[in-house]
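Colleague: Quick paste from TrEMBL:
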- B:1-143: domain 'Ferritin-like diiron' (DOMAIN)
- B:148-181: domain 'Rubredoxin-like' (DOMAIN)
Protein chains: 2
Amino acid sequence: MNAMTQDNLRSAFGGESMAHMRYRIWGEKAEKEGFPTVARLFKCTADAEEVHATLHFEALRDINGDFPVTSMAGFGLTNTSENLQGAIDGETFEFTQMYPAYIAVAEMQGEKSAVRAMKYAIEAEKVHAELFTKAKEAVDGGKDLEVKTMLLCPICGYISLTGEEDNCPLCNAKKELFISY
Amino acid sequence: MNAMTQDNLRSAFGGESMAHMRYRIWGEKAEKEGFPTVARLFKCTADAEEVHATLHFEALRDINGDFPVTSMAGFGLTNTSENLQGAIDGETFEFTQMYPAYIAVAEMQGEKSAVRAMKYAIEAEKVHAELFTKAKEAVDGGKDLEVKTMLLCPICGYISLTGEEDNCPLCNAKKELFISY
Ligand SMILES: [Fe+2]
Ligand SMILES: [Fe+2]
Ligand SMILES: [Fe+2]
Ligand SMILES: [Fe+2]
Ligand SMILES: [Fe+2]
Ligand SMILES: [Fe+2]
């Protein structure tokens, strides 16, 4: 694999790994503040980021060794409204800046497995940003998010809050594979 | 918090988050290769790294925003023997190089919460390296790791394969808190 795409995939792996961890921590905080469904959304999205991190790690499977990895990451642990804003900002950075740049390089270099892993991720991040925006509107209105269904596609990281899809709208995986939160 | 200690804690958070993710992936691989107890050790240690990542994130709780984070991280997904060598190398880097350097800076800067978080981590990493070394000896002899007990201290990330301790030897947490794998 070309060096620039390798570097970008490692950076994306670092960003996804830190997002996974941050959402688990922010989920605990939402639980403590009395927003159990927002907590559930954070934990479901944490697992979606694990799907992305794993896709990137697998695309890099043949390149062994230790590397310095630089990634953007959000920090801070104040309250759930601010944590949701941090999540929206992080997802938006990923789908408007990071992944478009990395995908352009991977396409230019003809790195098909990298393109595939990152195209799954970019589409899922758009959905994550929408769902966190809904969650923030609820929390800023003093309420928990009001949804019953919460389903994760374990192939691409898509999240459904309706369950109305037949197959995954992003990767076409069968709905029977979806994991309920 | 002083800027250098902030940076070092963010770097340690990145390293722990990527180690958590890598060990989960390497655990799946060990499972597939017929080493269920090595898989269990990878998953238990993944959760120990989540303890460390969370300690560092909480020490940084008042510093909000997005930052570029640079951390060393291991890559590659060939076979369990090589993955265990990667784990030993990563843990050894952390307890011989990364944490000693970061702790020296935090002590010099009088950053008590950072020193505390990183001292828990460095002592646990020594134990992780020992256990991965045992696991590699077993796998290289064609066998799975032979242990029944596997306990994680959720306060500091210490792992016990005997259960003979009264309290956690690293952080003194009560043994009743230990999580069994
Ligand atoms: Fe992601
Ligand atoms: Fe996301
Ligand atoms: Fe999908
Ligand atoms: Fe650690
Ligand atoms: Fe460790
Ligand atoms: Fe402990």
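In case you wondered, yes, glycine gets a Cβ from its N, Cα and C as well.
Please treat TrEMBL annotations as automatic predictions, because they have not gone through curation.
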Colleague: When secondary structure is assigned with DSSP, how many helix, strand and coil residues does the domain 'Ferritin-like diiron' (B:1-143) contain?
Modeller: 112 helix, 11 strand, 20 coil
Colleague: In the domain 'Rubredoxin-like' (B:148-181), how many residues does DSSP put in helix, strand and coil?
Modeller: 3 helix, 8 strand, 23 coil
